[in-house]
Amino acid sequence: MAVLEILTAPDPRLRVQSKEVTDVAAVQTLIDDLLETLYETDNGVGLAAPQVGREEAIVVIDLSENRDEPLVLVNPKVVSGSNKEMGQEGCLSVPDYYADVERYTSVVVEALDRDGKPLRIETSEFLAIVMQHEIDHLSGNLFIDYLSPLKQQMAMKKVKKHNKLRAR
């Protein structure tokens, strides 16, 4: 297992459309690496393969306090949603910036688990929001794409400042 570098905006690899995984057995190491990378962050609850420069349609999420209940979603799709609300979001690929984004508060997601078995998850509240956020990454979308141009500029200024500090 390895901790991978998390890309930050405006890295063009974050905008790449993910490719469907056809052989789940072939991505087990990537799944392990995504989880290890997620667990190395201070406050991350989800990570998508494009955030580490990979094109596979894989998302990992862990909302547990002890970070020991991973949810692995391969080829996930939001098949329905209801009750939109505004809520604050952040992103490991847009460090140090948070903004209100409108999302469904209840969703149905279909995916494969890490063993290739079909999953259908009906969920609400925070998990529903995290799933939508991470699945957006698979389409090359970031949460800041839902913001006004002015707020997008503010977000990118924060990211540039973060990257300068990190480069020291």
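The chain as shown is numbered from 1 upward.
Positions of Cβ are set from backbone N, Cα and C atoms, glycine also.
The active site feature in Swiss-Prot is assigned to GLU134; the stated evidence is sequence analysis. Per Swiss-Prot, Fe cation binding site is recorded for CYS91, HIS133, HIS137.
Each residue contributes its Cα atom, and for GLU134 (active site) and CYS91 (Fe cation binding site) these two points are 9 Å apart. Listed in chain order, the residues near the Fe cation site other than CYS91, HIS133, HIS137 are GLY46, ALA48, GLN51, GLU89, LEU92, SER93, GLU134, ASP136, ASN141, LEU142, PHE143, each with its Cβ within 8 Å of the site Cβ centroid. Long-range C-beta contacts of HIS137 (Fe cation binding site), restricted to its own chain and to partners at least six residues apart, with a cutoff below 8 Å, comprise LEU14, SER18, ALA48, ALA49, PRO50, GLN51, VAL59, SER93. Packing around CYS91 (Fe cation binding site) is summarised by its Cβ count: 27 other Cβ atoms lie within 10 angstroms of its Cβ, all protein chains included.
Shown in sequence order, GLY46, GLU89, CYS91, ARG103, PHE143 are the residues of the chain, 6+ apart in sequence, with a C-beta less than 8 angstroms from the C-beta of HIS133 (Fe cation binding site).
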